[in-house]
Structure formats: C-alpha cells, structure tokens
Amino acid sequence: MTNSAPVTPRRDLADAPLLAAARGETPRHTPVWFMRQAGRSLPEYRKVREGIPMLQSCLTPDLVCEITAQPVRRHGVDAAILFSDIVLPLHAAGVGLDIVAGTGPVVAEPVRTAADVAALPSLAPEQVSKVGDAVGLLLDELGSTPLIGFAGAPFTLASYLVEGGPSRNHERTKALMHSEPATWHALLEKLADTTLTFLRTQLAAGVDAIQLFDSWAGALSLRDYREFVLPHSRRIFEGVAETPGAAGVPKIHFGVGTGELLGAMRSAGADVVGVDWRVPLDTAAQRLREAGPDQGAPVVQGNLDPAVLFAGWEAVEREVRRILAEGRAAGGHIFNLGHGVLPSTDPGVLTRVVELVHAESAR
C-alpha cells in the first residue's frame, strides 16, 4: 500500500524526553503526557467545541490544532497527541456512523456477513487530508514538543462495526471470529488497510511518534489474540516502519485490560507498550522480558489509575511516586494514566502531576 501525500521533513527533536525514553535512552526527566489530555476536562476545550459535532471537529484543521495544543500550554506535558477519534477514518471512508453523547460510536448498518465486509469502503488518503493539514499547523504551534499521531487497531474498530456500537461482552464480534474465521480475517485485513492509510497520512505530515489504540483487546484470551488479531496489528506496525521518512519513529501499543497480552502486543512491532493500572509496571516489564528475551529491555508507558486523580493530593502524590519507582525496572518509562483522563477530572491536579513527575525524575 502506498500513500500519495508528500512527505514533510521530520523535525529534529532527538533530545525530547518522550523520544529519548521511547528509544530506551535516559532522558533529562521521565516524560509525561495523558491519554485524552485534550478533552472535556479542560474548560477551554469545552468552549471551542461548543455546538460542533465531534467528527466535524476532527476534520477542521484550525480547531484540531487549537485543541491538541491546549494541554501542552496548560500542563506543560512532554507530548501532544493529535485530537481525533478512533472511528474517524471509518467515517471519512463513508461508513455510516455517529458519535452519540453518552453512548459513543453508533454504526448505522453493522458489519456481520461476508457481503457486509466486501461492501465496506476503503479509505483514500485524500479523505483524511484535513488531518494532515492539522498536523502541519501543529508542527509550527508546538515548537520542540513532540506530536503523537494515533489510530484505532483493527480489532477495536471491528468490534464497533460488528456490534453496532460499544459492547461490554463483544459477543457478536467473538461469534463472528470463531464461526466465520475467513470473514473475520477479511474484515481485519480491510481495517488494517484503513488504519495504515490514516497513520501514513499523519506520518507524511510529520508526526513524531504514533500510538495504536486497541482499546478492547483486553476482552480476548491470549490464544485468540495471537490467532485472530496479532497478524493484522503486526502488519500495521510493519507498514509504519516501511513508510518513507518514518524510520525510527517510535511506535506505542496500548489496550485496556491487556495484562496477559503485553508480550504479544510488543511482538506486533511496538517500541513502547502501554500498561493500564491493573498491572504494576515492574511486573509488566518482567512479563515483557520473559515474553521477548531477544527484544531488548522493554519500554513501558503508564499507568496511574485515572480515578486516583479524585482521591486528594496526598493519595495522588503517593501513587505517582510508586509508579515512578516501579517504572525504573523497565528499559524506559513514559508516565501516563492507565486509560484516558475522565471528563470531570480537575485539570489543576493534572498540572501538579506533571510538575511532580518532572521534579522527582530530574537527572
């Protein structure tokens, strides 16, 4: 697969703590950013998003630039992550879906048969060119702060398409996987193409790192993950590595509840493995070493429980210090939450977390 977008020369940010940590080097301090840092916890976000639908917001370059930069200005985080949504490339390709407040992505016509899969539209680079435009604006806006691009992994996108929306048990998804494996793999091949096109658009525009979100992979057993999911996620990471101008761009892989899948997720081609709050980082690092003894020292990202941010500063400070200590067992550590920032989080607490991480880890 190729991408026709012209390639923007990548910024020289070799000393940026996020990129140094992702390479397993020793940065001047432990880098910190937060999943969903650009979102409803910020009053400035709520103001600029007022009255504008989510998917429209994601395709408005000036707005994407402003929202992406807001947490960098407010918190002093070590990376920005592109404001977008994991279902955006499906929407851009022509899949009928909407993001319903209080529910999440809702698909008009679920994909449940081989014919449905065959009819699923492909994504062309020009359909997400506005995302590339937003990245271009951000490179000027962010200065020396790295920009992380991202996309949803095929399994998580498939779950939304097959279930028709968010699901607790993913029963239709797993049923299709086991009853019609050929149809399942055809679906994930198409979704891997879509995801790779979306990521290559961001890479061509100049993002400094990428994260593949497999939000719902934790619903799977290790056996099922290896058979039905891993080959398609691996193809994405291989495609990213082969993208012109993207050599050396760090690749992060994250899912919720994936403590038993960490080694397999790394083996897909990730340089950094995101860990949720359920597994201590030193335990995660040990699991990664055991699963891939020939892959070098693992780099981990995480993993403060987002709910702890509501517990008062004494508890937050204690947990941050514990996580920093556990992270030292890995070959590198990027501080983050174990999932996204919750909408009612006090942004002042996030700023204090950034300050604490920087102060405690200064080298």
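Note: Cβ is positioned from N, Cα and C throughout, glycine not excepted.
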**Study point:** Swiss-Prot annotation, substrate site containing ARG36, GLN37, ALA38, GLY39, ARG40, ASP85, TYR160, SER215 - matching residue among HIS333, HIS339
**Key:** HIS339
Check your understanding: How far is it from ARG40 (substrate binding site) to ASP85 (site 'Transition state stabilizer'), counting Cα to Cα, in Å?
Key -> 14
Review point. Substrate site residues ARG36, GLN37, ALA38, GLY39, ARG40, ASP85, TYR160, SER215, HIS339: biggest Cα-Cα distance, Å?
Key: 23
Study note, to complete from the structure: Spacing of the two Cα atoms, ARG36 (substrate binding site) and ASP85 (site 'Transition state stabilizer'), in whole angstrom, works out to 10
Practice item. Between the Cα atoms of ASP85 (site 'Transition state stabilizer') and ALA38 (substrate binding site), find the distance and write it as a whole number of Å. Key: 11
Point to revise | Neighbour tally for ALA38 (substrate binding site), based on other Cβ positions within 10 Å of its Cβ | key: 25
